[in-house]
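Just below is one structure, and these are the notes that go with it.
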Amino acid sequence: MDPAGEEAHQVLQLSVVLFCGAAAIWLGVVAALLYTARRRRKSLSEQSASRFILFGGAVLPSVTLAALLSYSLWLMPGLRPFGQAASAVLHVEVTGKQYWWHVVYRRSNGPVVVSANEIRLPVGQRVELTLASSDVIHSFWIPALGGKMDMIPGRTNRLSLLANKAGTFRGPCAEFCGTSHALMAFAVVTMEAQAFQEWLGTQARPSPRAADDGAALFLRHGCGACHAVAGIDARGTIGPDLSHLGSRLTLGAGSLPNTADAIARFITEPERIKPGVQMPSFAMLPQDDIRNIAAWLKDLE
Amino acid sequence: MRVLPKQVDTLWTLFTAPVVWALHFLTCYIGAAIYCAKPDLFGVGFDAVRVGIAVATFLALGAISVSAWLAWRQWGFGTDDPPHDDPTRRDRILFQGFATLLLSGLSFVAVIYVALPALFVMECVR
Ligand SMILES: [Cu+2]
């Protein structure tokens, strides 16, 4: 009800129009009902009754529906402004996976940035999102910014969003996709254009702490087979990119707050936190190693 | 000599308008789907598709109007009031005429609704 984007604003407007229209019709019907039940003594002649049925029961609804249909169809091209999107400066590719989101930022004037489980968008700049899935059907939805769009294996769907307010929002997966479907969400941060450019700049470089002590443990225990961390020899793509994990707002696709303790817990018992998760438990590792890795990951900003 | 018999003793005329509606629906949807999947096949712009849908729509509305007029005639131009429920041949014919007229009205509106998107949608993707 508090849209922060152009598309969400249109959806709200459509809902308000439909609600008020429905309320007006309902009031009319109830008023007519009360009128006949309370006031009216005489009944209508057969001919005016038929005319009433023809106009009230057939013509009026058809015309109303035609008007509503035209109104919503008229809104449609605006919700999918792909003509201009060819010139969109920023393209974001999001791939839904059980149970997380792979995110890639592409710009015409800068290196590609890979991230996960969090999406940042500039305010006042139209962004084209390319949505795909690598396993089952998921659905991408940022209620504060716009309508939802399914992510279907073997297809790419496109969505265009224009944020017009800075803030932090939540985006859920809106299509049941497995046991941890309810734990598949992402944080959305809309930022002023300047701050966004700076943020993207830092994301494009490895974290300054990437080579710290935790890195060796991370690599030794084989995390790099599934996870990528820029700046060290970890290039896995089965799990989320962890290059700047520390600066993300949530952990495990919105299922935990992002703290070193929570990261340690996630490494120890991912299956307890997210049933059906594609990451094995590492409870057998020495506690100290887990704690060191977690602290290092939290430092990757 | 009449080209069209005044009264048709068959149930088929009842379905004329819905069949036109169905054909129009298929023409619009299959036509647009093929065009948008393989736009190069035809060498025309999307506006041509919209014009095509407009033509199909006017043809369909014309056919439905003819069906409605015939039904109206069969119903005796409204000289009798429903319900036509006596077990007589006359009532059977009147009933069929009335039912056909109502179905024609429904199909007329439906064809317009099917064609409406073409009025607003200007490209395959939007
Ligand atoms: Cu999902």
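If you go along the chain as it appears here, the first residue is 1 and each next one adds 1.
Every residue gets a Cβ built from N, Cα and C, even glycine.
The transmembrane segment annotation in TrEMBL covers A:12-37, A:49-74. If you look up TrEMBL, you'll see A:87-202 marked as domain 'Cytochrome oxidase subunit II copper A binding'. Annotation comment: TrEMBL describes A:209-301 as domain 'Cytochrome c'.
Residues 14, 17-18, 21, 25, 43 of the same chain sit 6 or more residues outside the transmembrane segment (A:49-74) yet have a Cβ under 8 Å from a Cβ within it. Distant neighbours of the transmembrane segment (A:12-37): 1, 3, 64, 68, 71-72, 75; these residues of the same chain sit at least 6 beyond its ends, with a Cβ under 8 Å from one of its Cβ atoms. Across the domain 'Cytochrome oxidase subunit II copper A binding' (A:87-202), the prediction's mean pLDDT works out to 90. When DSSP labels each residue, the domain 'Cytochrome oxidase subunit II copper A binding' (A:87-202) comes out as 13 helix, 60 strand, 43 coil, counted as helix, strand and coil in that order.
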